[in-house]
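J.: The following block contains the structure, expressed as structure tokens.
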Amino acid sequence: MPKFVFVTGGVVSSIGKGIVAASLGRLLKSRGYNVSILKLDPYLNVDPGTMSPFQHGEVFVTEDGAETDLDLGHYERFTDTALSRLNSVTTGSIYQSVINKERRGDYDGGTVQVIPHITQEIRERIHRVGANSNADVVITEIGGTVGDIESLPFLEAIREFKGDVGKKDIAYIHVTLLPFIGTSGELKTKPTQHSVKELRSIGIQPDLLICRSDRPINDNLKNKISGFCGVNNEAVIPALDADSIYSVPLALKAEGLCKEVLEFLDLTDHECNLEKWQELVHKLRNPGPSVKVAVVGKYVQLNDAYLSVVEALRHACIENDASLDLHWICAEKIEEEGSNDLLTGMDAIVVPGGFGSRGVDGKIAAIQWAREQRVPFLGLCLGMQCAVIEWARNLAGLKEATSFELDQSTPHPVIHLLPEQQDVVDLGGTMRLGVYPCRLQAETMGQKLYGEQVVYERHRHRYEFNNAYRNLFIESGYTISGTSPDGRLVELIELKGHPFFTACQYHPEFLSRPGKPHPLFKGLIAAAQSRLPRSPQEALKQTQINSPNQSKNNP
């Protein structure tokens, strides 16, 4: 049976529980332990698939097609472990399962209640991860903040969980905040004390405290927290604000987090191997020349909507010894002001995924600009569909061409609905989701970047390239460099004669890892680097042509 670690959070939301869980996973894996991490989300949605990116941020897609919280992306990237739909649990999915069981008569006419039925379902979900993941340690992050009404069933479930396993098979970690009060010139422990008191009132005594702070925590404060909160002094772990999320595992290792957890779980503290991770952080802190990358999107007001895209760009920059100079460009602003003013000076352009018509014309204009100005371009999902529409309108003479999603009366639906989607009514969980194979055409840029003939990529879409336009597309100078194995679905396209112009129907950002960047992102950054000035004179010239009004954030 695996060991179980539960991570809760107090005082404020967005305190970093996900990064703590992912970092602990990385530290345990560096000692030879298999780890699986799951997230318990307290919202009533069955999954985040139908939620607005402005409310929830990115929807991360697992190999088996689950639409999950963005924290699962952190878990996968830090542990380099593929997770499944078992690793994402919401209040909505719990209630849905319990109600379905009640309708089937599984409860033999009993009164169905939060306790024991809801909490039992939650516990079963956690045990299921342990039984199906081959993990030595299962880490569970509980979403929300201690004290929230929504989180109470989950907290009660993990309290009950202690009765399911042995005393040495479970550990509770509480992430809290030590705010600095400028007028008094000191860090305050009272919010942490009250948060732990709230957790204790539920019946959970934390074994370790991760104390977030923007400045060092001295021994006197640690002793005070230890005394008031009932934890060992060594179990009060400072977690100072970090320059990068990838430096957090190293910082927590230095503070003894993994050693304390292993001691609580009665596991051997094997030799830790973090050499590659340390090299990664060193390269991140000591980058080469910067590359300006514009992300042209429709949800740029909330950067978390494109979290995996940003991390994939960062991984590629680390690998290529480059510094990422990221510019958020609102697609609708391009519609108002034009591409030239907003994109001049960019070394690469990424057009990520999305849904609906808002901002699409701005994305298409950005793609046209990248094509004509020979600026490296990478399109993802909707970004590929926009690249096809741009081709049809500007190179094939099909002025009214668009996607069937955007205009069902268009005479030229160069992007149309997948056949299997024709009769789909529900929105949630019904797209083409999860991993599918892609066969690459030999001697194409895509095949050279991957170095493989067949690759497996994660998808999330309802619409596809319309094969009625395939021959015209190829005759116009484009190459279809990747398709489904049967050749029916267009997965990857590229433009001949362009330094780097490629787009894919899938989401390569979900497979990028620190130290193992995705080939398409790595290729994009390499192409961007080829544009960098090679001499002081060229650098001056590049500075002069950059727009003086260029902003890093154009919401």
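Numbers run from 1 along the shown chain.
Every residue gets a Cβ built from N, Cα and C, even glycine.
Pasting the feature list from Swiss-Prot:
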ACT_SITE  C381  active site, nucleophile
ACT_SITE  H507  active site
ACT_SITE  E509  active site
BINDING   S13, D148, I149, E150, K188, T189, K190, P191, T192, Q193, K224  CTP binding site
BINDING   S13, K188, T189, K190, P191, T192, Q193, K224  UTP binding site
BINDING   S14, I15, G16, K17, G18, I19, D71  ATP binding site
BINDING   D71, E141  Mg(2+) binding site
BINDING   G354, L382, G383, M384, Q385, E405, R462  L-glutamine binding site
COMPBIAS  540-555  compositional bias 'Polar residues'
DOMAIN    292-534  domain 'Glutamine amidotransferase type-1'
REGION    1-267  region 'Amidoligase domain'
REGION    532-555  region 'Disordered'
J.: So which one is it: of the recorded positions I15, I19, I149, C381, M384, which has the fewest other Cβ atoms within 10 Å?
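T.: Each of the recorded positions I15, I19, I149, C381, M384 was scored; lowest Cβ tally within 10 Å is I149.
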J.: For K17, K188, R462, listed as binding-site residues, tell me which one has the smallest number of other Cβ atoms within 10 Å.
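T.: Counting other Cβ atoms within 10 Å of each of the binding-site residues K17, K188, R462 gives the minimum at K188.
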J.: Does DSSP put G16 (ATP binding site) in a helix, in a strand, or in coil?
T.: coil
J.: What whole-number value in Å do you get for the largest C-alpha pair distance within S13, K188, T189, K190, P191, T192, Q193, K224, the residues recorded as binding UTP?
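T.: Farthest Cα pair among residues binding UTP: 24 Å.
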J.: List the same-chain residues at least 6 positions away in sequence whose Cβ sits under 8 Å from the Cβ of K224 (CTP binding site), in sequence order, or say none.
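T.: Once residues fewer than 6 apart are set aside, K224 (CTP binding site) is near T189.
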J.: The record lists S14, I15, G16, K17, G18, I19, D71 as binding ATP. What's the largest Cα to Cα distance among them, in Å, rounded to a whole number?
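T.: Looking at S14, I15, G16, K17, G18, I19, D71 as a set, their Cα atoms extend up to 13 Å apart.
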J.: Work through the binding-site residues one by one (G16, P191, G354, G383) and point out the residue whose CB has the fewest other CB atoms within 10 angstroms.
T.: P191
J.: Rounded to the nearest Å, what's the C-alpha distance separating L382 (L-glutamine binding site) and H507 (active site)? Just drop the number here, would you?
T.: 10
J.: Write out, in the order they occur in the sequence, the residues of the chain not among G354, L382, G383, M384, Q385, E405, R462 that have a C-beta within 8 Å of the mean position of the C-beta atoms of the recorded L-glutamine site.
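T.: Neighbours within 8 Å of the Cβ centroid, excluding G354, L382, G383, M384, Q385, E405, R462: G353, F355, C381, C386, S403, I415, H461, Y463.
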J.: So the record assigns G354, L382, G383, M384, Q385, E405, R462 to L-glutamine. If I measure every Cα pair among those residues, what is the longest distance in angstrom, as a whole number?
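T.: Of all Cα pairs among the recorded L-glutamine binders, the widest measures 14 Å.
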J.: Name the one residue among S13, G16, K17, G18, K190 whose Cα is closest in three-dimensional space to that of R462 (L-glutamine binding site); these are the binding-site residues.
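T.: Going through S13, G16, K17, G18, K190 one by one, the Cα closest to that of R462 (L-glutamine binding site) is G18.
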J.: Which one is closest to S14 (ATP binding site) in space, judged by CA to CA distance, out of the recorded positions K188, K190, T192, C381, E509?
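T.: Checked the recorded positions K188, K190, T192, C381, E509; minimum Cα distance to S14 (ATP binding site) goes to T192.
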J.: In the three-state scheme derived from DSSP, which category covers R462 (L-glutamine binding site)?
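T.: Note: R462 (L-glutamine binding site) is coil by DSSP, not helix or strand.
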J.: Between T192 (CTP binding site) and G354 (L-glutamine binding site), what is the CA-CA distance rounded to a whole number of Å?
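T.: Counting only the Cα atoms, the answer is 40 Å.
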